[in-house]
Amino acid sequence: MDKKAFRAWQRNRLITFAKSPVKKAEDQELLNLALSHPWVKKAHNIGLTFSLPLEVNTLPLIESLQKMGKKVYIARCYSNRQMDFVFYEAGSELKETKFGVLEVASQEAPIKNNLDLLFVPGLGFSPEGKARIGFGGGYYDRFLAKYQKDYQFKAVSLVNSGMYFEEPLWPQESFDIPLDDLIIVKEIKQQEAENNEEG
């Protein structure tokens, strides 16, 4: 399956999955796993996005990180397919983009791309090579290619059962940048361990 076909197929799967009580329960579990992750505990400046309904819900994570005293930066995308991370304080005015994603409205809000940790969204993830497929804009691959080597921040993703693939069902390309870690619901992690023992 090529990337375009996979994205269309997977988007429909996730729209259906988003309506299930399983997703809500897994979102809560992933929130708890994220907050207990050592990289999250250590990080001061954390980049995220406000999630779409078919993604893992990041709003509780954003609020929890702020309560922990972390500085939260929200992605801002530009028409040239570049992006920056903009400081977000609780109560800051937000605006909706043409993609339906919320961004910080203020043009004066500080930008910081020298992050400690970045949560990367996507449609599908696989532990094989810590692979990810996004929505097709290439924003995150460009951002990681531009900044991660210099700033040495970690890139992680939250992965529910609807987004998880044992191996990538999409083609891997040279410009696809692997993640540093996947935060995966425990049921899948246990299944992975059992499969490895059997293999």
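Even glycines carry a Cβ here, placed using N, Cα and C.
Unlike curated entries, TrEMBL annotations are predicted automatically.
The model shown is predicted, which means the values in this text are computed figures rather than measured ones.
Per TrEMBL, the feature ATP binding site maps to Lys3, Lys4, Ala5, Phe6, Arg7, Arg132, Ile133, Gly134, Phe135, Gly136, Gly137, Gly138, Tyr139, Tyr140. A sphere of 10 angstroms centred on the C-beta of Phe135 (ATP binding site) encloses 16 other C-beta atoms.
Among the features that TrEMBL reports, substrate binding site is placed at Glu55. Glu55 (substrate binding site) counts 22 other C-beta atoms within 10 Å of its own C-beta, drawing on all protein chains shown. The DSSP secondary structure for Glu55 (substrate binding site) is coil.
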| task | For Lys3 (ATP binding site), write down the residues of its own chain that are at least 6 apart in sequence and whose Cβ falls under 8 Å from its Cβ; none is a fine answer. | result | Ile133, Gly136, Trp170, Pro171
| For the binding-site residues listed here, Ala5, Arg7, Ile133, Gly137, Tyr139, which shows the highest count of neighbouring CB atoms within 10 A? | Ile133
